[in-house]
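K.L.:
So TrEMBL lists the following for this protein:
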- 98-254: domain 'CP-type G' (DOMAIN)
- 106-252: domain 'EngC GTPase' (DOMAIN)
- Thr145, Lys146, Ala147, Asp148, Gly197, Ser198, Ser199, Gly200, Val201, Gly202, Lys203, Ser204, Thr205: GTP binding site (BINDING)
- Cys277, Cys282, His284, Cys290: Zn(2+) binding site (BINDING)
Amino acid sequence: MTSENSTLADFGWNNFFASQVELGETGVPVRVMAVHRDRLHVAGPAIDTLIQPFVETPDDEEAFATVGDWLLLDAQTARPRRLLRRRSLFKRRAAGTGRKLQLIAANVDTLFIVSSCNQDFNPARLERFLALAKEAEVTPVVVLTKADMADNAGDFVRDAGKLLPGLLVEAVDARDAESVACLTPWCARGQTVALLGSSGVGKSTLVNTLTGERLETQGIREDDAKGRHTTTGRALHRLPAGGWLMDTPGMRELQLTDVGSGLDEVFADVVSLARNCRFSDCQHETEPGCAIQAAIGSGEIEAARIKRWRKLAAEEAFNSESLAERHARARAFGKMARSAMAEKRARRGE
Ligand SMILES: Nc1nc2c(ncn2[C@@H]2O[C@H](COP(=O)(O)OP(=O)(O)OP(=O)(O)O)[C@@H](O)[C@H]2O)c(=O)[nH]1
Ligand SMILES: [Zn+2]
């Protein structure tokens with residue numbers, strides 16, 4: 001989109017970014033539309049081009065420009081000068097691979113967490129996605145599809161709403177533009193949205209209805225180092241309501257890793273209860289003075305919610321552990337098992 005009439009605000013620019021530009025600082029703000037292997041696709045009101053990748057400080061894993069980022073370009077050379085501070089960031093560490101950080105998407109405003117008004121609806125899964133949104137500092141909105149096929153869509157909306165105080169929930173028929181119109185406030189001018197949800201819930205259907213087109217056809221061609229052509233799509237898609245839809249493979253594959261503080265936010269009620277347990281290492285099972293067991297007993301909190309919290313917290317701890325840490329733990333376990341075997345043999349007089 002390089003129409004002369006577009007403004008920075010059309011690309012998502014606002015006071016948060018404007019306030020980072022020093023008085024008298026020259027530089028052309030551009031937004032990163034896509035990251036290719038050795039090029040960044042950037043765009044702004046009067047520019048739409050490929051530039052060299054940008055790294056501010058190579059040893060800072062978060063200093064690489066990613067999709068959605070704002071860069072200031074040198075007006076003469078069009079080289080990136082500075083990466084502006086992000087409003088939100090989705091990132092992940094590929095589990096067990098030396099903990100290398102991958103930046104997935106920056107400056108997303110709203111995350112549509114998609115589930116359906118049917119057996120796909122699963123509080124534990126929604127809580128997992130909510131933790132991801134909180135960790136990235138993005139506002140979550142739960143979108144429940146297939147409302148047209150359920151006669152109790154209201155029950156699903158109510159149950160989803162209970163997962164987090166103030167959580168916004170919308171039930172839609174993802175195929176119907178009129179029904180999906182309730183999502184327009186988050187798709188308006190300057191807004192950037194992303195979608196997450198399990199397979200078959202209607203993400204593609206929703207994307208097609210929101211954009212009014214089929215996205216697969218928007219690929220662009222890029223020369224790679226060997227002179228061959230690879231087809232790579234842009235990750236930010238313009239929405240008719242004026243906003244942007246962030247659609248990258250990385251976004252679609254996001255898993256629960258490094259969301260420790262996000263989980264604490266989603267389960268703030270549980271975390272604050274646990275502070276009142278008598279023992280700081282309370283496992284909330286049979287210990288005396290366990291505030292969580294007391295709250296379950298008094299009906300203040302659902303036992304099922306505690307069960308989901310423990311499971312997610314354990315999973316997060318496992319996923320966030322590096323390969324080296326995992327090996328160290330396995331070695332320690334092996335050592336313990338071997339010495340136990342040796343002891344056993346000694347007792348038997350072998
Ligand atoms: N009746 C009805 N059908 C829907 C709705 N949303 C999606 N569907 C149908 O559900 C099926 C799956 O939808 P998709 O959009 O492919 O789901 P997805 O989440 O993109 O799935 P993956 O590509 O596997 O991640 C399709 O046949 C859709 O037409 C809805 O709100 N109402
Ligand atoms: Zn306890």
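Heads up, the Cβ atoms here are built off N, Cα and C, so glycines get one too.
Since this is a predicted model, take the numbers as computed values, not measurements.
Are these features on the surface or tucked inside, and what touches them?
P.N.:
This prediction places the mean pLDDT of the domain 'CP-type G' (98-254) at 86.
In the three-state DSSP scheme, Ala147 (GTP binding site) falls into the helix class.
Under DSSP, Cys282 (Zn(2+) binding site) is assigned to coil, being neither helix nor strand in the three-state scheme. Sequence-distant contacts of Cys282 (Zn(2+) binding site), defined by Cβ-Cβ distance under 8 angstroms and a gap of at least six in the same chain, are Ala274, Gly289, Cys290, Ile292.
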K.L.:
With a 10 Å radius around each C-beta, find which of these binding-site residues (Ala147, Val201, Cys277) has the fewest other C-beta atoms nearby.
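P.N.:
Output over binding-site residues Ala147, Val201, Cys277: least Cβ neighbours within 10 Å is Cys277.
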K.L.:
Report the residues of the chain - excluding Cys277, Cys282, His284, Cys290 - with C-beta within 8 Å of the mean position of the site's C-beta atoms, for the recorded Zn(2+) site, in sequence order.
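P.N.:
Apart from the listed residues, the neighbours are Ala274, Arg278, Phe279, Gln283, Glu285, Glu287, Gly289, Ala291, Ile292, Gln293.
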K.L.:
For the binding-site residues Thr145, Ser199, Thr205, which one has the sparsest Cβ surroundings, going by other Cβ atoms within 10 Å?
P.N.:
Ser199
K.L.:
Suppose we screen the binding-site residues Val201, Cys277, Cys282, His284, Cys290 by Cβ distance to ligand 1 with a cut-off under 6 Å; which survive, in sequence order?
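P.N.:
Cβ under 6 Å from ligand 1: Val201.
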K.L.:
What whole-number Å value do you get for the CA-CA distance of Gly197 (GTP binding site) and His284 (Zn(2+) binding site)?
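P.N.:
That separation, Cα to Cα, works out to 31 Å.
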K.L.:
Please report how many Å separate the Cα atom of His284 (Zn(2+) binding site) from that of Ser199 (GTP binding site), as a whole number.
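P.N.:
Between the alpha carbons of His284 (Zn(2+) binding site) and Ser199 (GTP binding site) there are 34 Å.
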K.L.:
Running a distance check here. Ligand 2 versus the binding-site residues Ala147, Thr205, Cys282, Cys290: which have CB less than 6 Å from one of its atoms?
P.N.:
Cys282, Cys290
